[in-house]
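> Let me give you the structure first, and then I'll get to my questions.
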């Protein structure tokens with residue numbers, strides 16, 4: 001797993017040069033409080049997000065909770081909730097690090113094959129991830145630290161207020177899209 005700083009150093013080391021991507025590192029540092037706010041917003045609402053996503057998935061496919069369905073009996077429902085929570089947790093890790101490698105290496109590697117072997121319907125799982133993606137975007141947009149603290153407390157390049165979370169929403173969405181691609 002490489003964060004933005006490690007990636008820049010490894011890249012510079014491989015080319016035997018100095019770290020030249022200072023602008024990208026400066027942007028990463030400047031987004032630090034917003035990034036922490038975004039991760040906190042997702043982590044603080046994780047239980048509700050997971051249960052709502054699984055409930056939404058079940059509402060769209062009632063067969064999942066019927067006898068023989070993948071969310072029946074209770075132990076299968078618990079496994080479904082656990083898996084959704086794990087996916088969400090690794091998305092937050094990736095968002096915090098600014099890098100998808102932790103998500104790829106520790107969560108997505110072999111996930112589709114495992115679900116296929118267990119007979120888990122990936123279309124329903126993809127739908128639950130899509131619901132969590134929409135929820136995460138809503139929670140991230142609702143937690144602007146700059147709006148509460150004021151520009152005088154943020155000296156590292158505060159963005160325009162309307163656009164303060166757009167890049168983090170896009171980044172988080174890209175991580176959810178990676179999960180969806182891995183399952184499809």
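Just so you know, glycine gets a Cβ as well, placed from its N, Cα and C.
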> Considering the residues 70, 74, which is the one that Swiss-Prot annotates as N4-methylasparagine?
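Swiss-Prot records N4-methylasparagine at 70.
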> If you measure from the Cα of residue 80 ((2R,3E)-phycoerythrobilin 2 binding site), which of the recorded positions 48, 59, 70, 165 is the nearest?
70
> Let me check the 10 A CB neighbour count of residue 165 ((2R,3E)-phycoerythrobilin 3 binding site). How many other CB atoms are there?
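Excluding its own Cβ, the number within 10 Å is 26.
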> Mind checking which of 48, 80 has the fewest other CB atoms within 10 A of its CB? They're the binding-site residues.
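So among 48, 80, the binding-site residues given, the one with the fewest Cβ atoms within 10 Å is 48.
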> Judged by the number of other CB atoms within 10 angstroms, which among 59, 70 is the least packed of the recorded positions?
59
> Can you figure out which of 48, 59, 165 (the binding-site residues) comes closest in space to residue 70 (N4-methylasparagine), comparing Cα atoms?
59
> Quick one: pull the CA-CA distance for residue 165 ((2R,3E)-phycoerythrobilin 3 binding site) versus residue 48 ((2R,3E)-phycoerythrobilin 1 binding site), whole Å only.
22
